[in-house]
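K.L.:
According to Swiss-Prot, the protein has these features:
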- 1-23: topological domain 'Cytoplasmic' (TOPO_DOM)
- 24-44: transmembrane segment (TRANSMEM)
- 45-651: topological domain 'Lumenal' (TOPO_DOM)
- 48-76: region 'Disordered' (REGION)
- 54-72: compositional bias 'Polar residues' (COMPBIAS)
- 127, 128, 129, 130, 146, 154, 189, 190, 253, 254, 308, 343: substrate binding site (BINDING)
- 130: active site (ACT_SITE)
- 210: N-linked glycosylation site (CARBOHYD)
- 275: N-linked glycosylation site (CARBOHYD)
- 500-548: disulfide bond (DISULFID)
- 620: N-linked glycosylation site (CARBOHYD)
């Protein structure tokens, strides 16, 4: 049946919030039991009407395990990382902002088991953060990562290591480097790989010393003939770089992949800060053992704070292929990308511009979009990213760390924390010339199974349409949307301002939006995550489009951060509104307009899991009718397991 009821503000769908203000604790505790009964009754009775659209026979099978409820517990937030000079790594501290106790939601084993992803890379257990030293070598993609072998929280950081033939199916190898020297006693931190023209591998990484000073160290393979690169040797002359005069002992980290200068020297940059000005220091070297600090900075931006995980690479203005930094590349057909991870706000910013090798200076094309203040790789949860040139497929690949948004208590209970993004190709947007395009590597499509296709679905203002597919937990979704021409013509021009993060989410209605998809939703819409477009017709008659992901209704528990992510996305004349979405249990990666704007979310539903997870088309606009066409693939699981060493191989 037709449904015209719009999505409503959070209070209309969600159960009452059990969190209490301290000054009302006694009163609300007395009412807690009654409120819980009311909430239970509302949820049981919730049956939001909506259209059902089938492309083929659907089969919803309930796959819940027998729930084993975990006891609710007070969880005391503990700060992690700050004393070592890095940003807060405790999600519990991000919730409370102090070391007080927080009430943890009583997750059961069924819920926690569902959260583990099926085709995103993650270790078998424990904590993971930054991607390190990715490369292609002798037929294998190598991926190193920050890893705690002792628990599901940040600390005791070493380098994990895995290999793959396709960056989708992974084999875990023994730890590559551990904290066994004075210069990395407090952690083997982030680093980058450089493959020289002769095939030699150079690995530079930051070590946190026994006195928590950040220094740069050199490592190389013990056996370059080994395609798995199992064993690594740390240079006996480490550290090769220490903080220069004027730079704080805890403000000097994350060396980049080296690039070749026209003089045949190798050049790297390292993130730092001067007071609140983020800077990128530059060094030249002939042998990666001795270095010359260059005058000035590659780039400096006041007010951006500490720069971590700086990345610097060329992109072609003409071709789709990637460019190799082991070659000296510059000229009229090349742009450079500078990216920094801001320690203060934990986002990855990039800008596009020109690079003067002689002046050792990067200049943005648009200072309004300077590094640290303008464009971002991803407007959701995506940090400490790293690119590499894939000489196997002649492309540039981007990895990003996707942290958790639940409580540290839940992470410790389930025994793991964090995943990596699906690797993305990166190239210059030739149509705009002012932004990058990011897209999941083609190899992920090998996981596609059966598909459902929906053509020219009409979604009237205020409607929700059920898309009857087999399951909605592991999906690859491609969708296009069109606003009917009559609505566009009749809609009045407006000075309305809209920002995803400060809006009312998908419940905020406008003439031309929001419209998109409700993912990981339950049948009664008590939990759902909207991924959507919001369109405004400006005073000049032009359309301004935002692409957003709204977690505010994604989960009923309160020990989960429920933010609204997104940003403006350029939609050029003649283009439809297009998105692609990879859904893998608790992670949703979304790409608008071919990857001009990307948003990654972590969601932790308690009802919309296993066979109860649904997918809906929605249009919460007040005036516009939207036509949508979708193709939806069920996704297989990737094989991610320990490497099957033979008895005579290393174990």
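Any Cβ shown, glycine's included, is placed from N, Cα and C.
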K.L.:
Quick check: in three-state DSSP terms, what is residue 620 (N-linked glycosylation site)?
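P.N.:
Its secondary structure by DSSP: coil.
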K.L.:
Can you tell me which recorded positions out of 130, 210, 275, 500, 548, 620 are within 10 A of residue 189 (substrate binding site) by Cα, answering none if there aren't any?
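P.N.:
So the list reads 130.
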K.L.:
Run through 146, 210, 253, 275, 548 for me and report the recorded positions whose CA is within 10 Å of the CA of residue 130 (active site), in sequence order.
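P.N.:
If one measures from the Cα of residue 130 (active site), the recorded positions that come within 10 Å are 146.
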K.L.:
Residue 127 (substrate binding site) to residue 210 (N-linked glycosylation site): how many Å between their Cα atoms?
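P.N.:
The separation of the Cα atoms works out to 22 Å.
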K.L.:
For substrate, with binders 127, 128, 129, 130, 146, 154, 189, 190, 253, 254, 308, 343, what's the maximum Cα separation in whole Å?
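P.N.:
The span, Cα to Cα at its widest, is 20 Å.
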K.L.:
In whole Å, how far is residue 500 (disulfide bond) from residue 129 (substrate binding site) when you measure between their Cα atoms?
P.N.:
27
K.L.:
Whose Cβ, among the disulfide-bonded residues 500, 548, has more other Cβ atoms within 10 Å than any of the rest?
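P.N.:
Output for this query is 548.
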K.L.:
Going by Cα-Cα distance, pick out whichever of the recorded positions 210, 253, 308, 620 is nearest to residue 500 (disulfide bond).
P.N.:
620
K.L.:
Tell me whether residue 146 (substrate binding site) sits in a helix, a strand or coil according to DSSP.
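P.N.:
The residue in question, residue 146 (substrate binding site), is strand (DSSP, three-state).
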